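Q: I'd like to ask you about the structure that follows.
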Amino acid sequence: MTLPPSCRWSGDHLELLDQRQLPGAVVFMQLRRWQQVAEAISSMAVRGAPAIGIAAAWGVVLAARSGDDLLTAFRGLRASRPTAVNLRWALNRMQAAMGSSASVDVEALTDAAAALQREDCVLTQRLVDHGVSLLAQGCRVLHHCHTGAIATGGVGTALGVIAAAHARGLLRHAWLDETRPRLQGAALSAWELGCLGVPCTVIVDGASGLLMRRGEVDAVMVGCDRVSANGDVANKIGTYNLALVARAHGIPFYVCAPGSSIDRATVDGEAITIEERDAEEITHVRGMDVAAPGAQVWNPAFDITPAHLVTGFITEFGVLRPPYREVLSELPLPNQL
């Protein structure tokens, strides 16, 4: 089965894959206003840091086509999710495409958004090729959250590496954390790998330690929403736990990080804003109440994994090894300020 794109431009509107409907149905939302794009981002209809950035870029195009105030649109889109730096990076690209002219060039903005999406397709393929080079014949890889094709504009990042390893005859098995509370691993990663015929098993998040202790994992590969200047990683809640357990068992822990996710303006992980989401994501599953009435809830969407727990960063530039502050400072990244 061919995987659907995360989004596609259709002449005068954006067609956005509604990931909330998966794995039950493949549904594309028809978006014609930037406010709809912002809502799709904040409600997690679109997920994955690269896909969020691409969607936001098309949101700017919709604002320009509608004659909306672009400053308001930029602010609204930027605020839709605070942790993923790709969102800011994409919006900065769109601001640069506007130039210094007082008039709004809709065609130039459309070209800029399309170019950003095409580039992501190329860059993710490069990243995946570098990642596959780390894996040995018969490898078993553990993955957290969802980092597949529909989370990007191309083949995906960490899950793309797993899929490519299977296609090249290297992968023995993929283990997928279910990834509470939104179940991205069970709903999205398992769906993508199933479509591609990749052998995989979904596990509860807390089972990863037992799996490693039994010698069933050769590598852990995850994506990221932001990498700070020193190599600290903001990613889906539970990533830090996974990195600690991997270190305890001597298992390499790799972070797939496209250049758009690397934020050299943020000194370390402590400076990264951690999004906190609605309590109902924990107290309810598929609309069913599963928590005791009145139970207090804390629902951070991300955590911070310290750089010293990262074996290597897999990027479109190659595989990066410590010392990360020095290595990251030398990458030819665009200005994200």
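A Cβ is built for glycine as well, from the same backbone N, Cα and C atoms used for every other residue.
So Swiss-Prot lists the following for this protein:
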{"type": "ACT_SITE", "residues": "ASP225", "note": "active site, proton donor"}
{"type": "BINDING", "residues": "ARG47, GLY48, ALA49, ARG81, GLN184, ASN235, LYS236", "note": "substrate binding site"}
{"type": "SITE", "residues": "CYS145", "note": "site 'Transition state stabilizer'"}
Q: Using the CB centroid of ARG47, GLY48, ALA49, ARG81, GLN184, ASN235, LYS236 as the substrate site centre, which other residues of the same chain sit with their CB within 8 A?
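A: Leaving out the recorded residues gives ILE52, ALA84, CYS145, HIS146, THR147, ALA151, GLY223, ASP225.
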Q: I need the least crowded one of these binding-site residues (GLN184, ASN235), counting other C-beta atoms within 10 angstroms of each C-beta.
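A: Ranked by other Cβ atoms within 10 Å, the binding-site residues GLN184, ASN235 bottom out at GLN184.
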Q: How big is the Cα-to-Cα gap, in Å, between GLY48 (substrate binding site) and the residue listed as 'active site, proton donor'?
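A: The separation of the Cα atoms works out to 8 Å.
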Q: Within 10 Å of the Cβ of ARG81 (substrate binding site), how many other Cβ atoms can you find? Include all protein chains, please.
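A: Step by step: centre on the Cβ of ARG81 (substrate binding site), count other Cβ atoms within 10 Å, giving 22.
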Q: For LYS236 (substrate binding site) and ASP225 (active site, proton donor), determine the Cα separation and express it in whole Å.
A: 8
Q: If the substrate binders are ARG47, GLY48, ALA49, ARG81, GLN184, ASN235, LYS236 per the record, what's the largest distance between their Cα atoms, in Å?
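A: Roughly 17 Å, rounded to the nearest whole number.
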Q: In whole Å, note down how far the CA of the residue listed as 'active site, proton donor' lies from the CA of ALA49 (substrate binding site).
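A: Each residue's Cα considered, ALA49 (substrate binding site) and the residue listed as 'active site, proton donor' end up 6 Å apart.
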Q: Return the residues near ARG47 (substrate binding site) by Cβ distance under 8 Å, restricted to its own chain and a separation of at least 6 in sequence.
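A: Correct list: GLN19, HIS146, ALA151, GLN184, LEU188.
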Q: Return the residues near CYS145 (site 'Transition state stabilizer'), defined as same-chain residues 6+ apart in sequence whose C-beta is under 8 angstroms from its C-beta, sorted by sequence, else 'none'.
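A: When sequence neighbours closer than 6 are ignored, CYS145 (site 'Transition state stabilizer') has ASP177, THR179, GLN184, GLY185, SER189, VAL222, GLY223, ASN235, LYS236, GLY238, THR239 within Cβ distance under 8 Å.
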Q: How many other Cβ atoms are found within 10 Å of the Cβ atom of ALA49 (substrate binding site), counting all protein chains shown?
A: 29
